[in-house]
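Colleague: One structure follows; several queries about it will come next.
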4 protein chains.
Amino acid sequence: MTPAKPLPSYLAQRYHGWRATTYDENKFWYRRLAEEGQRPRAMLIACCDSRVHVTNIFGADSGEMFIHRNIANLVPPYAPSGAHHGTSAAIEYAVTQLKVAHVIVMGHSDCGGVRGCLDMCGGHAAELEEETSFIGRWLDILRPGYARIDTGPENNNPAQSLEKEGVLISLENLMSFPCVRAAVERDELSLHGLWNDIGDGRLYAFHGDTEAFEAV
Amino acid sequence: MTPAKPLPSYLAQRYHGWRATTYDENKFWYRRLAEEGQRPRAMLIACCDSRVHVTNIFGADSGEMFIHRNIANLVPPYAPSGAHHGTSAAIEYAVTQLKVAHVIVMGHSDCGGVRGCLDMCGGHAAELEEETSFIGRWLDILRPGYARIDTGPENNNPAQSLEKEGVLISLENLMSFPCVRAAVERDELSLHGLWNDIGDGRLYAFHGDTEAFEAV
Amino acid sequence: MTPAKPLPSYLAQRYHGWRATTYDENKFWYRRLAEEGQRPRAMLIACCDSRVHVTNIFGADSGEMFIHRNIANLVPPYAPSGAHHGTSAAIEYAVTQLKVAHVIVMGHSDCGGVRGCLDMCGGHAAELEEETSFIGRWLDILRPGYARIDTGPENNNPAQSLEKEGVLISLENLMSFPCVRAAVERDELSLHGLWNDIGDGRLYAFHGDTEAFEAV
Amino acid sequence: MTPAKPLPSYLAQRYHGWRATTYDENKFWYRRLAEEGQRPRAMLIACCDSRVHVTNIFGADSGEMFIHRNIANLVPPYAPSGAHHGTSAAIEYAVTQLKVAHVIVMGHSDCGGVRGCLDMCGGHAAELEEETSFIGRWLDILRPGYARIDTGPENNNPAQSLEKEGVLISLENLMSFPCVRAAVERDELSLHGLWNDIGDGRLYAFHGDTEAFEAV
């Protein structure tokens, strides 16, 4: 038995508005996409956070971006185990089936997941350390980042440090996937790391040569 | 060492356009969202497919929807194991921390993941059955659906049947999470199942009473 | 004998810059486009005028727009004759082979071709009336527009009137092509008429219901 | 009656982004261009193909290049007939009115038009031989090239041979225009032939002295 309810009316109303306008203006194209399948140019790995509006920032319309969103935009290390690995499956699909040209990991300011990891590693979040905490166990992916950042009093924004470090860890973990590494080495795929400041709207990209996030 | 490259210029150009228009028009609100944190009303679980443009369909601006996207919009059963469970972590975060009012699972037509599951269960995709296939192991979540649908010659669209069945399985699995079940029983959370026809833009919602997907 | 010379050095230099930056950032995608072919969403018919920078205005990267540019962005009426008809061939190719979803005709302010037509129709450009004038004979397509606009003293901008009328004539002529009409009637193609003010950068779209150009 | 629809919203959004950034940064210059008219240095004749991004390759901003784009970047022979000749009109306008210094013909790899001509001349495309086929009649311009290339089994890329031969035919046809020939002979105009490999981004220019395309 599924206790599902009809769509909340505020969403039903917006959907009808969308269908009468955006859909109607583009229906020929959407039908072709339905018939011929997608050919997205990039995969984006972003946070579930409601304030991270990736299609808007990149003006991406239907068909342009393959988007995976999880807590804190994390990529776990390559570790096949026979269990369900949603993020790894999405990466495998994008790289081996869709053959995207870019994988972009995008972090952001004031990330609740990153703050949770900071609390947990600092010993202030016992509930996240329990084995049954899905959030805690997911944020374990970010633990190596905690060891790398400066958590002393002279760092006035350790959360931001960890947000950016998390992007780098995800990029490193991406390279642990054989399919990703092979595509990068064949020059068929490029990796990109971004950090978005939600309040001022700025975007920063990690530059491998300077080893720093620089304003786009 | 992270082999990250700068943002491709076509995306950098669009980002600058966004920042000068949408961001600029809304900067006061975005700054408040940054300072006060998000308060999304709904969590949406959708597919990574580039043709599923959820914020567009629901006219959702920054701050409105907590969005998790994975292959085939699947929710695994509740099964804490100490390992990384990205989808379960996102659900736990949305329900216990953000206390969203709605969790919406949205499937769609022509889903590559669902087609993969159909092939795998029909014995036509040996590569997906390997233990190291992340895609295959992720789609195992959908296997119970294959047993429930009609795969005989009189069903001219078994893929669509499985796409819809997958939404129901995810809704059932959602109810296996103690935090979800408790919130639903306290009437603080409602669950919703949708299926989107990409080509004709229509949305169908599962109605618990008729046990059918009906046009919104 | 072809008296061709090497590329002027200022263009060679820019090409090398482009290849080291934009091409290099996007080479994976460009290779895929080369292997798999184009799938442009829209055809754009614009003027050759160097000030009309359509890819820039629409942020269109490689692969997005099929672009035909001629003097005064004109579409001749459907008239197969066994001779060379470049514009008609481009339309036929876009609609029947590429199956684009939108055909957009874009006029602009201060169009030299339109001004020539105005002069010619007003009796002030004998050289354009000669049978051997390619410019004059091409602008004959726009002659029916001259009859429709107000050329009296109370119209302080007859050139702009004719620029916009030219867009409408081209849209009408588009509909005289059986392949265009059929695709429009099958709801697989939509037509759009734009006029761009070069100096103030504004774009106006013709709205069929109000029969007027309105600011986008 | 013109069945024109408003601009699709994804293009409207990008236009607004362009106007708030690129236009805004350059508005003084664009206003001057609007008031004083264009003074392009070169005319470019390129293919309509969406993957040929000429302004990008040459870093050309508004006002720099007078661009004519048609199927397969062809120039027909000089043949005034009283009918509409869009390409000839564009050439006449560029050379006699704008007095450009360079006319550049740019072909490219994987050209659909050239492939069509190859099929037609090889007897594999009856539909293109019909008198009413605009595409076929336009590609007749390229027929003399088919006779000149090696179509035997030892040529593993006859399409590329014909793409390059097409550039040479267009250059020869350009010289059949009295206004072009006169300007070239007065040393006021130079002609250039290019071929662009879309996949690897390289540009080759025809050198009259070696009679070969050489990497720029």
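Placed from the backbone N, Cα and C atoms, the Cβ positions cover glycine too.
Copying in the features that TrEMBL gives for the protein in this structure:
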BINDING   D:C47, D:D49, D:H108, D:C111  Zn(2+) binding site
Colleague: Please list, in sequence order, every residue of the chain apart from D:C47, D:D49, D:H108, D:C111 whose Cβ lies within 8 Å of the Cβ centroid of the Zn(2+) site.
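Modeller: Not counting the recorded site residues, we get D:A46, D:C48, D:R51, D:V52, D:A72, D:N73, D:G107, D:S109, D:D110, D:G112, D:G113, D:V114, D:E163, D:N196, D:I198.
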Colleague: Enumerate same-chain residues with a sequence separation of six or more from D:D49 (Zn(2+) binding site) and a Cβ-Cβ distance below 8 A; give 'none' if the list is empty.
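Modeller: The answer is D:H108, D:C111, D:G112.
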Colleague: Sequence gap of 6 or more, Cβ distance under 8 Å: name the residues on the same chain that satisfy this around D:C47 (Zn(2+) binding site), in order along the sequence.
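Modeller: Long-range Cβ contacts: D:R69, D:N70, D:I71, D:A72, D:N73, D:M106, D:G107, D:H108, D:C111, D:G113.
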Colleague: Mind sorting out which of the binding-site residues D:D49, D:H108, D:C111 are close to chain C, meaning Cβ under 8 Å from one of its Cβ atoms?
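Modeller: Contact set vs C: D:D49.
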Colleague: Per 10 Å Cβ neighbour count, which of the binding-site residues D:H108, D:C111 ranks highest?
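Modeller: Sorting the candidates by Cβ neighbours within 10 Å, the top entry is D:C111.
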